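J.: This is the structure, below, for whatever I ask next.
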Ligand SMILES: O=C(O)COP(=O)(O)O
Ligand SMILES: [Mg+2]
């Protein structure tokens, strides 16, 4: 097996437990010869800034696939249904006190503070006909279009880069990385990952957080896969 690029999640994967950027992971990523794409549920400016500070090219998937840029000098493409998410948000707001995260910057989906009963919210949402789903990343709960995810984002970005999604190895830690693993050629979950991502993974590291990302890349290098 030989892969041409890596797509890596940010929070929980190249961070430390306290959410600081893991410098060992940064150093490892900087040493790579293959392109590295960042894929996050966070907003586009956060993803682009992280890419810049790591020393990458600005190829990012943000808002769980809703927002994409291939380079710093190009504007993002946005795809999603904020309107549909807003309808679901209004409905759920009748049952819970919900707090939006970064609503000013978020263009295609809604992220919420994790301080309400998610199971109950999902059950309530199922009684309605919104074309949205809720996903818990362990950092936020997202209300997002069922048609948009990091996997769809990777397909789109790979095409812009002249690659196939299957040319990528994906590294991630949570439920919002499952479709990314399905689209990529190989998926590696870090040890702190949740059940869903470990199930979707081809390989699970022994180490957690940024150490896990370092281990994942070393695993690929030692097999000659990148
Ligand atoms: O934005 C989130 O909820 C989590 O971000 P991540 O996808 O980089 O882990
Ligand atoms: Mg994550």
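Cβ atoms are placed via backbone N, Cα and C, with glycine included.
In case it helps, TrEMBL gives these features for our protein:
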type	residues	note
ACT_SITE	9	active site, nucleophile
BINDING	9, 11, 173, 177	Mg(2+) binding site
BINDING	150	substrate binding site
J.: Of 11, 173, 177, which is closest to residue 150 (substrate binding site) if I measure between C-alpha atoms? They're all binding-site residues.
T.: 177
J.: Where residue 177 (Mg(2+) binding site) and residue 9 (active site, nucleophile) are concerned, what is their Cα separation in Å, rounded?
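T.: The Cα atom of residue 177 (Mg(2+) binding site) is 7 Å away from the Cα atom of residue 9 (active site, nucleophile).
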J.: Counting across all protein chains present, how many other Cβ atoms fall within 10 Å of the Cβ of residue 11 (Mg(2+) binding site)?
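T.: The Cβ of residue 11 (Mg(2+) binding site) has 21 Cβ neighbours within 10 Å.
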J.: With an 8 Å cut-off on Cβ distance to the 9, 11, 173, 177 Cβ center, who else from the chain surrounds the Mg(2+) site?
T.: 10, 12, 13, 39, 40, 137, 172, 174, 176, 190, 193, 197
J.: Suppose we draw a 10 Å sphere around the Cβ of residue 9 (active site, nucleophile). How many other Cβ atoms does it contain, all chains included?
T.: 28
J.: Give the residue from the binding-site residues 173, 177 that has the most other Cβ atoms within 10 Å of its Cβ, counting over every protein chain displayed.
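T.: Most Cβ neighbours within 10 Å: 177.
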J.: What is the number of other Cβ atoms found within 10 Å of the Cβ of the residue listed as 'substrate binding site'?
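T.: For the residue listed as 'substrate binding site', the count of other Cβ atoms within 10 Å is 30.
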